[in-house]
Amino acid sequence: MEKWLIQSIWIAVFGFLKEFRPGDPYIIQYLTNPPMNFTNQEVNQEIFPVSTYTSLGITIIMFLITDYLYYKPIVVLSALSSFTVQILLIFTRSKTDMMVMEVFYGTMTACKVAYFTYVYSKVDKEYYKTVSSHMKMACLLGRLFSALLAQTLIDNKILTVYYLNHLTLAGATASVFWAFGLPSIKSSIYFHQSSEHTYIKDNTDVKVSKPKTVCQRLWSDFIMAFTNRYVLQWSVWWALGTCIYYQCMAYFQSLWQEIYRNGTDLQVANNGLVEAICTIISTLGVYLIGIITIPSWWLIGTLTFSQGLLLLIMAQEKLLSHAYVGYIMFGTFYHIMATAANCEVAKNIPADSYALVFGVNTFMSLLLQTCLTVVVNSPIGLMLDIRTQFYVYSGGCLIVGALFTVGALCSTYNTMKKPRIFTTLN
């Protein structure tokens, strides 16, 4: 087996272990029932927002430290943060403890950049696309397996929601040991470049010296990426779409609890099954988008607008089954669009710039999510109830979807107009 493939599989196994979290589909049930007994208001407005603020505060710093420390220490930090989250969830009970837990959860989220860029320093550029698919697939498989396991254990009354967190702790413990066993990195993209990174090739195959200092290299890559109008447009959607997606994902379970309390058609204990179905369909959607040619702007515009309609329906829904279907469709649409965005951006920037663009776009999405959280959830904001929050998220999706659909119309019109102009001139 080739060395690059072994390295890809090695880091992909870590991705599987870090996403093995059987307790996540039931986290709201765990926090709002014995032995925790927090109210929905405390969870939504005081506990959950802490992870968003933490992620925002350390994402860019984490990106630079990741490169400076050769990636592996930050991957280990991600695993240790996940381990600490589960320890606090299982063995502590106060609101302050849960807020500290969210600090570690936010740290774990910010460390994702290390997972997705670590392998780029271990393999040649020609394998970037392949190893990227390995890492994403490993994460999806981890989510799928843990969701199916959780649902099976709950349905057969083998374990309660409380003990699902012990399984998540076992996965987090395994990820810590696996992270320590990852191969060390001898060079990085910016701070510790190898000799082969000292030069880049332009379109004429002439070697051109890169800027020498780290700041110059960062600024050069930043300017090269974000002065490209096409990359900038995709990055705008990346930030907006990811912001709304993660904000909704953080509060979907609270919406389900609200629907369930008012009387509905299903038990809220089906969360694990719904998460598994969402993962399977999302994986299929991501695969199909790679082999079916669809105009990108139309895809983004129509699916984002459709997400807005789904959120609008779910905000007033009384049947849990309908809310579950909406959740599956919402998640699938996002993963399809995110895959398209990643591919379009990656095709139009140098390979070495991808980690930087990923970090900047992630930071912008967290900045927007923090602003949104402050407005709708925090004591200094509006402190909206859960259904009203989803009306706000729906409005955001509808506006973004409408803007990109108009952009798609303009792009299509200009494309159709060009041949006519050419014919007239001739």
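Here the Cβ of each residue, glycine as well, is placed from N, Cα and C on the backbone.
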What range among 71-91, 134-154 does TrEMBL record as transmembrane segment? 71-91
Highest Cβ pair tally under 8 Å against the transmembrane segment (71-91), stretches 47-65, 161-180, 234-252, 353-378, 390-410, lands on 161-180
Give the one range among 161-180, 234-252, 390-410 whose Cβ atoms make the most pairs under 8 Å with those of the transmembrane segment (47-65). 234-252
Taking a Cβ cut-off under 8 Å, which residues six or more beyond the ends of the transmembrane segment (390-410) line up next to it in the same chain? 233, 237, 240-241, 244, 247-248, 251, 255, 295, 297-298, 300-309, 311-312, 314-315, 372, 376, 384
